[in-house]
Amino acid sequence: MPSSRSPKDFFRPLAVGAPQPLREIPARPSRAIHFFDPSNEKMAAKVPQLVGTVDVLLGNLEDAVKADNKVAAREGLVRIASGTDFGPTQLWTRINALDSPWVLDDLTTLVPAIGDKLDVVMVPKVQGAEDIAYVDRLLAQLEARAGLDRPILVHAILETARGVANVEEICGASPRMQGLSLGPADLAADRRMKTTRVGGGHPGYLVREDPRRTSDGVESNDRATYQQDLWHYTIARMVDACAMHGISPYYGPFGDIGDPVACEDQFRNAFLLGCVGAWSLHPTQIPIAHRVFSPSVEDIRHARRVVAALQRDGGDGTGAVMLDGKMEDDASLKQCLVLVELAEQLSAVDPELKEKYAAIEVSDG
Ligand SMILES: CC(C)(COP(=O)(O)OP(=O)(O)OC[C@H]1O[C@@H](n2cnc3c(N)ncnc32)[C@H](O)[C@@H]1OP(=O)(O)O)[C@@H](O)C(=O)NCCC(=O)NCCSC(=O)C[C@H](O)C(=O)O
Ligand SMILES: [Mg+2]
């Protein structure tokens, strides 16, 4: 339950004339949130050709944009958004941090100029519900003045220890809340972790197999080690907080552009835990995210078989059946329906996937 507003006020517009807040966040596919710097001419030139090839294009105004280029990035985003038909691709922006000298101009420029095209505003370094409340009210005022007819949604980046501690209240702070991303680089710094990477694992964060003794009692030095996932705890907390509030969790950036295999692994861990997408920092990461965050044909075939088995002969999905030697019941049906629904959502935006999923034949038994 949101802490600062009573239930009866939660869905009231925060400014006279602002659009009605949404009761439910639309589940629009957002497997890859592709970052570009609108002040970088080469990147900006690539935006029109990326439309339709990626679920989300995000004009980044915050970190990775030089301080001297902040105004150019903001103006560049207005120019690009005004001159581009985004078709099925969503347009998001990441504004500067709430304590920065740029954020007020970011919002007061973007909303009147391109508010009708902006789907989501990503807010970095969110610490608590008060940060979301500030953005919520300001957006409502700006939307009212601009005469917008739908609310711009808000996405928070979890990249401070306090933000992680307050994750549930952040997710429930406003009906605008669309989702959360992990910001592993800032979070590592804030936590004083001893890493130097932007996301991903670390070879030193591992568990080691117990020593094995040979029959003559000698200890073997040959002990396997297994690298562990530094981000498991935080992502699991994000997933639960998001699920509780009906919004979407995302893995954030994977900075080692040259290591697509590890990028895919990190994205897949997040997908399996419940995340719906990740950031793409370079065009080569878009297909990785699209591949990982789309269920495989095998998973959809299996999911449809479970659904069919539990609904066979007028079955209502309750009870238990055996399929391939395994017990399937109400709970496994629910898991399978998550995948089947995701496949339907993706089919609506991705013709290639639509064809693949449509071609799946579900055999009996
Ligand atoms: C990472 C990069 C700096 C690499 O850039 P570059 O060296 O230019 O790469 P390439 O030579 O391989 O590029 C080939 C061409 O592709 C264009 N390009 C590169 N990246 C993009 C992009 N993101 N969108 C569109 N086009 C792109 C290049 O311009 C080349 O074009 P051409 O010469 O005409 O062929 C760069 O990719 C980059 O800056 N990416 C974005 C980085 C970013 O947004 N970082 C912020 C998000 S991560 C973060 O903030 C951390 C987080 O908050 C946390 O706390 O964890
Ligand atoms: Mg960051």
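Each Cβ is built from the backbone N, Cα and C atoms, and glycine gets one as well.
Here is what TrEMBL says about this protein:
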| type | residues | note |
| --- | --- | --- |
| DOMAIN | 33-197 | domain 'HpcH/HpaI aldolase/citrate lyase' |
| BINDING | R94, E159 | substrate binding site |
| BINDING | E159, D186 | Mg(2+) binding site |
| REGION | 200-221 | region 'Disordered' |
| COMPBIAS | 207-221 | compositional bias 'Basic and acidic residues' |
Among E159, D186, the most crowded of the binding-site residues [Cβ within 10 Å]: E159
Local confidence of the prediction over the domain 'HpcH/HpaI aldolase/citrate lyase' (33-197), expressed as mean pLDDT: 98
Binding-site residues whose CB lies under 6 angstroms from ligand 1, from R94, E159, D186: E159, D186
For R94 (substrate binding site), the number of other Cβ atoms found within 10 Å of its own Cβ: 25
Structural state of R94 (substrate binding site), classified by DSSP into three states: strand
Whole-number Å value for how far D186 (Mg(2+) binding site) lies from R94 (substrate binding site) (Cα to Cα): 15
For the compositional bias 'Basic and acidic residues' (207-221), the number of residues DSSP places in helix, strand and coil: 0 helix, 4 strand, 11 coil
